Each structure stands twice: as structure tokens, then as C-alpha cells.
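J.: So that we are looking at the same thing, I have put the structure below in C-alpha cells.
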Amino acid sequence: MMRYEDVSQLSLMNLTYEEQRLENIRKNEDLLRSLGLGAPSEATTLATPSNLKTAGNQRRYNDTLVGKSNTGRNRSDSPRKRPTKDREDLNLVPQSAIKRRQSVRLGGKEKPNYTREQVTFNSDRDTPNTPSRQIKSTHSHPGSEEEDIRQVKTRTLGVRVHNPKTFGHIPGIGVGKWWATRMEASADAVHAPTVAGISGNAHEGAWSVALSGGYPDDIDLGYAFTYTGCGGRDLKGTKQNPKNLRTAPQTSHQSFDNPLNAALKRSAETRNPVRVIRGFKLQSKYAPPTGYRYDGLYIVEKAWMAKGLTNGLMVCRYAFKRMDDQGPLPQKDLDHDDDNKA
């Protein structure tokens, strides 16, 4: 005679994708409730800024979150204007008579070619204050040009002041700090990887995670959320995107043997705080309208294996809870967003 558990498992195997997704969401919600997570504090509602990529609007957005700048002084929205010189007399002087300032030390030397040389740093190095110099050879191989472009786009950030491989807040970076790109968040040492969602190792645990995109059966309550691990994808990618491993379908079980999954599992054991940033691609009302935002420190309350949405393959799951006394999380004005899309 078939047991009730067997009938239940059989019915789950016959679920459609959407039914399985809703079932997984229900289980995630039940698990968060079982951890005793209370109701979140009242959230701050923010309208969608029109353009956050300018320095002035970025300051206004950050000041909306924390009230004042990190230095405690109110910042002026208008940029400081430099005094302009009267150029009327300069027009009377012929251009040939105007000489540019020239270094005595460089005088007589060959003019440097800055297009051949680029100072970069590796986001995963143990010594964040030591830059590595990448020299682009004039006799580079055909396949190296794409790598050079990728390095310029993702790693020419300057030298970090702080080490991202530390637990807790980064000095000088307050909760609510906003960046236009993940590269800027990496430069500030809040979340070092510019692509990967988990930063850490199996021995110490995770230092930070990024919520951006995510899995469709994860839930985000702001003060708590579930997070799905990485791995299990076909390394060849898809037919349309053969090198895009992020969009490749899952073809095998995830495992805690994966170093990044093991890092979050270790964090559940040590209960060391994990920095969390949310990105605009996250399907959540707690996601920023654009860019990426630092939402403070969370504790990994639980790590477990669960059935995913692809052919019953298993995934690594984690439950996060936000630490107290970090202020309310901002919340998107969904009505305002809908009006803009109309």
C-alpha cells in the first residue's frame, strides 16, 4: 500500500513549472516563519529617481536614505562653480606664442603611449593595496583583445583603500550607500566580485553577497530573504550564448562542495555577519530603482538542500536575517513605477 508521503512526492513530480515555483515559495515562507522572524519595521518609500548616474543625483539619492552625508554635513545639490578668467585678453595673443607647461624631468624623452599600458587590480587578490600592471603587447594574439577590453571595463578602478575579505561594515561606507555599477561597489570593498553573487571561502565563510536577478522561487521580505547557491550549470553555456554561463540551464545538482556554496554554509555555522547589496535587477520591492545599494549586515540562519525548478535538480538554499539597529530599508514606490511604464 502506497504511503501518504509517497503520494505527496508523486504529485510534486507532476507539477508544472509555475506550480513548482509557487510550492517552493510557500516552503521558503514557511521556513522563514519557523525561524521566528518577526514583522519588519516600517519601510521608507522612495520615488524612482529620474537619473541616478550623475554625481549630483547620486548624492541626493544617498542623502534621501540617510538624511545627511557620511561626514554629517548637509551637501549642496548644486556643484561648486570655479571662477572663470576673463579670456578677452587671451584672444589677442597668437596661439603659437602660448606654450604648454612641460616637465623638466620628461624633457627630451619619448612621448609615452598610454594606450599600451593600463594599471589594474585583481578584485580577488589577498593584498588589495598592491596594483598589478597589465601591459598590452603590440603583438597580442587575436583572442586576447576581448580579454583586454573586459579587463579595462571591469578592473580599472584604482587601488582599494580597504580589504573586502573582512567581516562587518567597511569603514566609511554607511548603510544605504548607492553605486551606479557593481564595479564601484567592488572598488569600495563592499562586494568584491563584479559578476559572482557570493564572496567568500569554505574556511572562513562569506564576506558579502549580491542580490541581483536571483532565482524565481526565492523570496525577499527585506528584513529576511532566501538565497539560492551557485553551480550545476553546463559550462558550455547555451546555443545562443555559448560563453554566458549565467544563462546556461542547470544540468546537475548543486552541492556544498562548491567553494562559494560552502562559504555560505560555513557562515551559517559561524554566524559571522555578511554584507548584502541589492541590485536593480532583483524582482523585489526592496530593490533600488537603479544601480546597487548597500543594505547592511545579515546573518545566515540556515543552510539546506531543496528541489529547484529544473527537472527536480537539487539546489543549495540559505535563509538570511537582517541584524537589528540598522534603520529601515527603503522600498520602491510601485505605483510610481507603474505610472512611468504606462
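Our numbering is plain: 1 for the first residue shown, then up by one each step along the chain.
Heads up, the Cβ atoms here are built off N, Cα and C, so glycines get one too.
Quick paste of what Swiss-Prot says about this protein:
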type     : residues : note
REGION   : 41-149   : region 'Disordered'
COMPBIAS : 42-59    : compositional bias 'Polar residues'
COMPBIAS : 74-90    : compositional bias 'Basic and acidic residues'
COMPBIAS : 115-141  : compositional bias 'Polar residues'
DOMAIN   : 168-322  : domain 'YDG'
BINDING  : Asp218   : DNA binding site
REGION   : 236-257  : region 'Disordered'
COMPBIAS : 238-257  : compositional bias 'Polar residues'
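Give me the structural setting of these features: burial, nearby parts and distances.
T.: Other C-beta atoms found within 10 angstroms of the C-beta of Asp218 (DNA binding site) number 20, with every protein chain shown included.
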J.: Translate the DSSP assignment of Asp218 (DNA binding site) into the three-state scheme.
T.: coil
J.: Express the predicted model's confidence over the domain 'YDG' (168-322) as a mean pLDDT, rounded to an integer.
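T.: The answer is 90, the mean pLDDT of the model over that range.
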